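Residues annotated as repeat 'WD' in TrEMBL: 95-137, 182-217, 242-283, 331-362. Annotated region 'Disordered' per TrEMBL: 368-401, in sequence order. As annotated by TrEMBL, compositional bias 'Polar residues' applies to 376-390.
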């Protein structure tokens, strides 16, 4: 650490190098925090969580019980041990609550005054955070598996929605209507994701084993379909041509810079793709357990070097190095299957939710003092003792003397 600070002070190092190094150290030191609890509100499994990007303070959760909860992650007590309190809840007693399981929740990217939820009750609701009432309700013909708002869009306010219908729905927040459909898949759409690099690029994953990348400005079909064999037909059976996985594709996640796209499938594989060309990078992550029939919410770190992937794997969370595929560690703490995880880039923390109805907080272990720091402290203490001015030393003698 002192070496980094010295190099930064001398202007030798890039300003971001120290930040990346410390962020990486913190992620590698993630462990379950026994001093931080999250209010247990849900009466059934937790399907989805989201942390707002404006302040990094409020977290949304949606459960299989149809309940939506907003948590305040701030520690006001300043005590080591504290609980992240639920500040408001759309519970079963609310007339506006979803009737069935909530599959996806997401904050509006630019303001905590609004969030969006979608459910197996065939609706997607746009909520006013202040009143906890839906400002807009979109109704669909089938269960809604996934929706996503672009984190960077300024020219459009489209929400991509994946349902049991093989067509992707594009809903406009401003007009409150469904304005377009994207056709090309042959089965239900399990996950949708906008690129964090280009506001017009959308990725979609389906139960037909395919992942398609779209430019929503074009009226024609998708830009390309991801092929796990990179076009080598000798390796692919007739059924596996232009497929991303040999099973249902239920997870999508772009890296923070948008240059790469990660996919997970029920073939127990995770793949890393070049998002510009659609090329399979062939990084081998080994077996990545995936028993989910619905959308799987996994996440990627931001600001680290290298970056890491956090993937639910049974009752644990597997942590992989993004570009090498190395399994770094397994985070164990849940006692039932984990369904979602969300990375907090401001503090390099991880929040996970599962079928045990718990949200767990994984935080970096405190940094051990450097050897240089310890020796410096010891030398300083010795110097302080030896440098005491004789005038201030105790020179009193007792009466007996």
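Positions of Cβ are set from backbone N, Cα and C atoms, glycine also.
All annotation found in TrEMBL is predicted automatically rather than curated by experts.
Confidence for the repeat 'WD' (182-217), expressed as mean pLDDT, is 96. Counting same-chain residues at least six beyond the ends of the repeat 'WD' (242-283), those with a Cβ under 8 angstroms from any Cβ of the stretch are 190-193, 195-198, 201, 203-207, 209-211, 213, 223-230, 236, 289-303, 307, 309, 311, 320, 322-325, 345. With DSSP states grouped into helix (H, G, I), strand (E, B) and coil, the repeat 'WD' (331-362) comes out at 0 helix, 19 strand, 13 coil.
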